[in-house]
């Protein structure tokens with residue numbers, strides 16, 4: 001039988017010196033001793049009557065059993081003190097983050113399942129099953145041959161970058177020439193698919209996939225050029241007698257090869273290295289399970305988009321041209337399915353797909369993301385740079401100053417590529433995605449101000465989630481949808 005809360009509190013708050021074997025002057029303390037304190041001396045010992053080192057305990061004698069029974073009876077007496085020291089309530093602000101909330105998390109999961117089950121049933125009763133067979137692969141997508149050919153010819157640019165590195169390693173071209181070549185190569189990787197998509201009236205999904213692949217290749221080639229340049233600088237310094245200790249690995253100073261380039265282009269990373277940490281084997285059963293999960297969550301995304309988002313968007317008006325309250329209602333109604341789709345996309349790509357690639361390529365470093373959902377500020381959710389532990393204080397201050405510039409650059413680059421990946425396939429350049437990303441820069445200063453004012457770091461996390469999931473993404477979906485519909489209507493006239 002479990003003791004009542006007050007008794008448990010008394011046991012929890014009992015101070016030192018509460019040994020049941022103390023003298024008569026310690027009788028008051030013996031009243032506060034939990035009956036399970038000497039559980040190892042009872043027949044019901046969960047350790048099987050053995051000591052910590054595995055040796056069997058001696059059987060308890062009758063005197064010890066009688067003493068234990070007396071202690072247990074005294075423990076439940078009304079005179080046993082239940083309150084010994086000052087403690088906070090579990091949900092108070094001072095103690096809430098030191099408590100386990102697994103039960104409340106389970107409650108939230110149960111409530112989410114119940115609420116979403118009701119919404120699914122209500123939606124099916126209202127609209128019926130809206131899933132179309134050609135949602136992901138339509139006949140129009142299959143006819144996008146120019147986009148397919150563009151995708152198949154993109155690997156030419158990494159090969160040209162490798163040739164440029166080979167030429168400079170053999171001292172056939174100068175440093176400025178190879179830098180110019182890398183600028184031309186990386187620019188062409190983006191411009192080439194943009195021109196193809198704009199010249200062809202392709203499907204939005206096909207154009208998005210092509211721009212997504214081109215953006216990844218652009219970032220990989222930038223890292224490839226930057227890393228090889230740094231390797232050349234380090235090699236020249238090493239030849240002159242400079243020592244870098246443990247910071248430079250001889251394996252990472254190798255000349256670029258076709259094998260290292262192909263592996264880098266396929267590997268789930270944007271950071272080039274001549275060598276990578278490798279896993280020992282490929283777990284085929286594990287790969288199959290991850291592929292099944294990827295298919296399931298991809299189907300779930302299609303179901304949410306077709307069954308929930310499309311009806312909401314089609315029944316809405318342009319958020320900047322219609323009634324303000326109606327626009328707010330549509331944004332809030334669209335926020336939940338949009339958030340679900342984004343989370344499914346994140347799990348499918350950043351977790352499942354990247355882990356599948358890593359397993360097939362024996363790529364060892366699987367930390368493809370960090371706990372961005374715990375970001376206390378907006379810039380923390382975006383920052384991917386970290387200060388090295390081996391830096392000196394002066395180096396850390398310099399790095400900290402540089403991080404601020406790096407954050408600004410990361411916002412700008414991200415805004416440009418978000419706009420390219422969305423606007424080009426939609427054939428619309430309204431810069432909604434660009435301004436949506438850049439709007440977060442003043443949000444950074446607002447977050448810092450509110451954190452300093454309320455002295456609470458969780459304020460930033462709430463602001464991050466509000467602007468990220470409740471306001472930002474649904475608003476962009478409505479804006480781009482109505483602009484695409486207006487463009488198609490004008491083209492059909």
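Just so you know, the numbers here start at 1 and follow the chain as drawn.
Just so you know, glycine gets a Cβ as well, placed from its N, Cα and C.
Because the structure is a prediction, the values reported are computed rather than measured.
Taken from TrEMBL as is:
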| type | residues | note |
| --- | --- | --- |
| REGION | 1-70 | region 'Disordered' |
| TRANSMEM | 102-121 | transmembrane segment |
| TRANSMEM | 145-164 | transmembrane segment |
| TRANSMEM | 176-198 | transmembrane segment |
| TRANSMEM | 204-222 | transmembrane segment |
| TRANSMEM | 339-363 | transmembrane segment |
| TRANSMEM | 402-425 | transmembrane segment |
| ACT_SITE | 418 | active site |
| TRANSMEM | 431-450 | transmembrane segment |
| TRANSMEM | 462-481 | transmembrane segment |
### Task
Take the transmembrane segment (462-481) and find every residue of the same chain, 6 or more past its ends, with a Cβ under 8 Å from one of its Cβ atoms.
309, 313, 316, 318-320, 327, 330-332, 334-335, 338-339, 342, 375-378, 381, 422, 426, 428, 430, 432-433, 436, 440, 443, 446-447, 450
### Query
If you skip the near sequence neighbours and keep only those at least six away, which residues in the chain come within under 8 angstroms of the residue listed as 'active site', Cβ to Cβ?
433, 434, 436, 437
### Query
Looking at the transmembrane segment (176-198) and the transmembrane segment (339-363), are there 3+ C-beta pairs under 8 A, with each pair at least 6 apart in sequence?
no
### Task
Sort out the residues at least 6 away from either end of the transmembrane segment (339-363), same chain, that have Cβ-Cβ distances under 8 Å to it, and list them.
263, 266-269, 276-283, 286-287, 290-291, 293-294, 297-298, 300-301, 304-305, 309, 369, 469-470, 473
#### Entry: For the transmembrane segment (145-164), distant same-chain residues with Cβ under 8 A (at least six beyond the ends)
173, 178, 181-182, 185, 188-189, 192-193, 196-197, 199-200, 202, 206-207, 209-210, 213-214, 217, 220-221, 224-225, 256, 258, 261, 265
